[in-house]
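> Dumping the structure here so I can ask a few things about it.
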Amino acid sequence: MEKTFFIIKPDGVRRGLVGEVLKRIEQRGLQLDRLELRTAPDESLIDKHYEVLVDKDFYPNLRNYMTSGPLVVGVISGSEAISCWRTMMGATNPAQAQPGTIRGDFAQSPEKGKAIENIVHGSDSPESAGREIALWFS
Ligand code: RTP
């Protein structure tokens, strides 16, 4: 069994997609190990979460987006849970996300200069999953 960390980002909560996302996780047979609704996170937590992106041009927009409202954080486990969940999320840019994925079914690409709001996050490796679970559930 592999564990991964996920976020339903502020746009997902704001748009009433929490139930839809959790339904897909359960339907797929992944196990929900932890689940919490959190108030809008501090900038410092988002800086640590996205530490590899803080120097990117788009980072200020990303930080504003991720601190813009409540979010849901959780841990899921299952066989190849990391790649399974990332496949369910779809491509980072919603315009390239396949229909049937969460981003492909519910997100739109932003106007130029705006943050890519794409509803969900998932760890991209076992190392990231371990780091992110420790960061958000310490
Ligand atoms: P995530 O970390 O949220 O699961 O998304 P990801 O792996 O698909 O994408 P990543 O490259 O790690 O980027 C993290 C989040 O930053 C925003 N982003 N904006 N060019 C841009 O404006 C841009 N690129 C990335 C997205 O919200 C992305 O999910």
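The backbone N, Cα and C atoms fix where each Cβ goes, and this holds for glycine too.
Those TrEMBL annotations? Automatic predictions, nothing curated.
TrEMBL lists these features:
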{"type": "DOMAIN", "residues": "1-138", "note": "domain 'Nucleoside diphosphate kinase-like'"}
{"type": "BINDING", "residues": "LYS9, PHE58, ARG86, THR92, ARG103, ASN118", "note": "ATP binding site"}
{"type": "ACT_SITE", "residues": "HIS121", "note": "active site, pros-phosphohistidine intermediate"}
> When you measure from each Cβ to the nearest atom of ligand 1, which of the recorded positions LYS9, PHE58, THR92, ARG103, ASN118, HIS121 fall under 6 angstroms?
PHE58, THR92, ASN118, HIS121
> Considering each pair of residues in LYS9, PHE58, ARG86, THR92, ARG103, ASN118, all listed as binding ATP, report the largest CA to CA distance in Å, no decimals.
22
> Would you list the DSSP helix, strand and coil counts for the residues of the domain 'Nucleoside diphosphate kinase-like' (1-138)?
62 helix, 28 strand, 48 coil
> Please report the Cα separation of ARG86 (ATP binding site) and HIS121 (active site, pros-phosphohistidine intermediate) in Å, rounded to an integer.
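The separation of the Cα atoms works out to 8 Å.
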> Take every residue in the domain 'Nucleoside diphosphate kinase-like' (1-138), average their pLDDT values, and give the whole-number result.
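Averaged over the domain 'Nucleoside diphosphate kinase-like' (1-138), the predicted model reaches a pLDDT of 97.
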> Within 10 Å of the Cβ of ASN118 (ATP binding site), how many other Cβ atoms are there?
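By my count, 24.
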